[in-house]
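Enquirer: These came from Swiss-Prot, pasted as-is:
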- 45: active site, proton acceptor (ACT_SITE)
- 45, 46, 50, 122, 123, 148, 150, 185: NAD(+) binding site (BINDING)
């Protein structure tokens, strides 16, 4: 089996990274940073997000497992004290694959130049660089509303616990192949109206955001921030690809949510 280990970059994570490499090499596994079968991330959710974006071209062939040394390890199943146990599992135990849905984002330009396709594990946000975002929001080809406000957040089920949750969105189980649209400070008065509620779209529904004024847009894809001019539309839907996690023991989603946000009662 080919593996690689990525680190958050702090001393604790770097030490664990080197320790895991030594252990797995001693077990006869092959270190391969280009085409790994399994990616072990040491840090927090940000470390796993970086690893995901590095290996998006290998999602069908690569599984991820996280060790939590950060402040929030929603995607991490293991803690530093369990490193030796995890290494033995990786070297000797067949693992279960658990798949989570991803978000596909396609940015198209008014000059009909080549479109840009992106994948997000957590969310995509769309904002105007100059004041409020004013755009048509289409669902399945029909105009649903004219949105006016700070911006829109489109999240995956696993990403529903991140920025989406802070916006008052619902937490969705990753077994639901869906995306969620949440508003950022929408303008609602006698003249302008939006739905004012998060929307959950199933796998076969597409959301199309069409700016009504030609301003520069700020688009975030997870931890990346991009600037686009002359945007014709931003299309969001459930991606065909999925992220694959290597599971060596049960870790129920709702238990993960409770431990991340509520703690022990």
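Cβ coordinates come from backbone N, Cα and C, glycine included.
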Enquirer: Quick one: of 45, 122, 150, which of the recorded positions has the smallest count of other CB atoms within 10 A?
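Expert: Selected from the recorded positions 45, 122, 150 on minimum Cβ neighbours within 10 Å: 150.
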Enquirer: Let me know how many other Cβ atoms fall within 10 Å of the Cβ of residue 46 (NAD(+) binding site).
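Expert: Step by step: centre on the Cβ of residue 46 (NAD(+) binding site), count other Cβ atoms within 10 Å, giving 16.
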Enquirer: So among 122, 123, 148, 150, 185, all listed as binding-site residues, which is physically nearest to the residue listed as 'active site, proton acceptor'? Use the C-alpha atoms.
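Expert: When the Cα distances are compared, 122 comes out closest.
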Enquirer: For the binding-site residues 50, 148, work out the Cβ neighbour count at 10 Å and name the residue with the minimum.
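Expert: 50, out of the binding-site residues 50, 148, has the fewest neighbouring Cβ atoms within 10 Å.
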Enquirer: Around residue 185 (NAD(+) binding site), which residues of its chain at least 6 apart sit with Cβ under 8 Å of its Cβ?
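Expert: Residues satisfying the criterion: 149, 150, 151.
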Enquirer: Can you check what DSSP calls residue 45 (active site, proton acceptor), collapsed to helix, strand or coil?
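Expert: In three-state terms, residue 45 (active site, proton acceptor) counts as helix.
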Enquirer: Please find which two of 45, 46, 50, 122, 123, 148, 150, 185 have the most distant C-alpha atoms, given that the record lists them as binding NAD(+), and give only that distance in angstrom, rounded to a whole number.
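Expert: The two farthest binding residues have Cα atoms 32 Å apart.
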Enquirer: Name, in the order they occur in the sequence, the residues of the same chain whose CB lies under 8 A from the CB of residue 123 (NAD(+) binding site) and which sit 6 or more residues away.
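Expert: The list for residue 123 (NAD(+) binding site) reads 103, 153, 154, 155, 156, 159, 162, 163, 164, 220, 222, given in order along the sequence.
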